[in-house]
Amino acid sequence: MNLRNKLKLYVITDRRLKPEVESVREALEGGATAIQMRIKNAPTREMYEIGKTLRQLTREYDALFFVDDRVDVALAVDADGVQLGPEDMPIEVAKEIAPNLIIGASVYSLEEALEAEKKGADYLGAGSVFPTKTKEDARVIGLEGLRKIVESVKIPVVAIGGINKDNAREVLKTGVDGIAVISAVMGAEDVRKATEELRKIVEEVLG
């Protein structure tokens, strides 16, 4: 499997905008190459049930499936990987518990990016590229900060934070392997169409 290729258009769920299952189905129809289930403060059983359904859907569309934060849920639903932030389980511990999971690390600076790569992350989610409503306290690194990270690490980098169809091109031109979006897809009236538009831009720039 070519991980870089599978990270091109990475769509993250947000139940404040849309229920998970239907929106993920539409995003996959629109060409999402990876899905991350991001559910904060839900019972583990609920996360497990939704995760199982999303795992099935992503398999049907040959997309990668990641779970945010929860290594246990990722293992239970047979996800491809887990996304870990600075306050989540340490990367090296997750690798020990779940050696077969693809580990993505959320990083907000060049220092954090280098540290995550050293600890064994398989790819980075780097941002926030622009200010974002989804995470109002996010540190903004801008296109320049993103470019520095891309130039300094060997592992794939996915850009995140305030990315939409209007700025996706300039983000992709920094050399990233893909873009991660929440509001640009989950906040759209037509999830499938919004995903298709972004996929078209991704293909134009990355091929």
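Cβ coordinates are placed from backbone N, Cα and C, and glycine is handled just like the others.
Lifted from Swiss-Prot, the feature list:
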| type | residues | note |
| --- | --- | --- |
| BINDING | Q36, M37, R38, I39, K40, D68, S106, K135 | 4-amino-2-methyl-5-(diphosphooxymethyl)pyrimidine binding site |
| BINDING | D69, D88 | Mg(2+) binding site |
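Among the record's 4-amino-2-methyl-5-(diphosphooxymethyl)pyrimidine binders, Q36, M37, R38, I39, K40, D68, S106, K135, no two C-alpha atoms are more than 16 Å apart, and one pair sits at exactly that spread. Around the Cβ of K40 (4-amino-2-methyl-5-(diphosphooxymethyl)pyrimidine binding site), the same chain contributes no residue under 8 angstroms that is 6 or more positions distant in sequence. The local packing around S106 (4-amino-2-methyl-5-(diphosphooxymethyl)pyrimidine binding site), expressed as other Cβ atoms within 10 Å of its Cβ over all shown chains, amounts to 24.
Same-chain residues at least 6 positions away in sequence with a Cβ under 8 Å from that of I39 (4-amino-2-methyl-5-(diphosphooxymethyl)pyrimidine binding site) are, in sequence order, T13, R15, E20, E46, M47, I50, D68.
Q36 (4-amino-2-methyl-5-(diphosphooxymethyl)pyrimidine binding site) is surrounded by 25 other CB atoms, counting those within 10 A of its CB over all protein chains shown. The two recorded residues, K135 (4-amino-2-methyl-5-(diphosphooxymethyl)pyrimidine binding site) and D69 (Mg(2+) binding site), have Cα atoms 16 Å apart. In sequence order, D69 constitute the residues six or more apart from D88 (Mg(2+) binding site) in its chain with CB-CB distances below 8 Å. The Cβ of R38 (4-amino-2-methyl-5-(diphosphooxymethyl)pyrimidine binding site) lies under 8 Å from the Cβ of I12, T13, D14, D68, D69, Q83, I182, each on the same chain and at least six residues away in sequence. Of the listed binding-site residues, namely D68, D69, K135, the sparsest CB environment within 10 A is found at K135.
Cβ neighbour count for M37 (4-amino-2-methyl-5-(diphosphooxymethyl)pyrimidine binding site): 26 (other Cβ atoms within 10 Å of its Cβ, all protein chains included).
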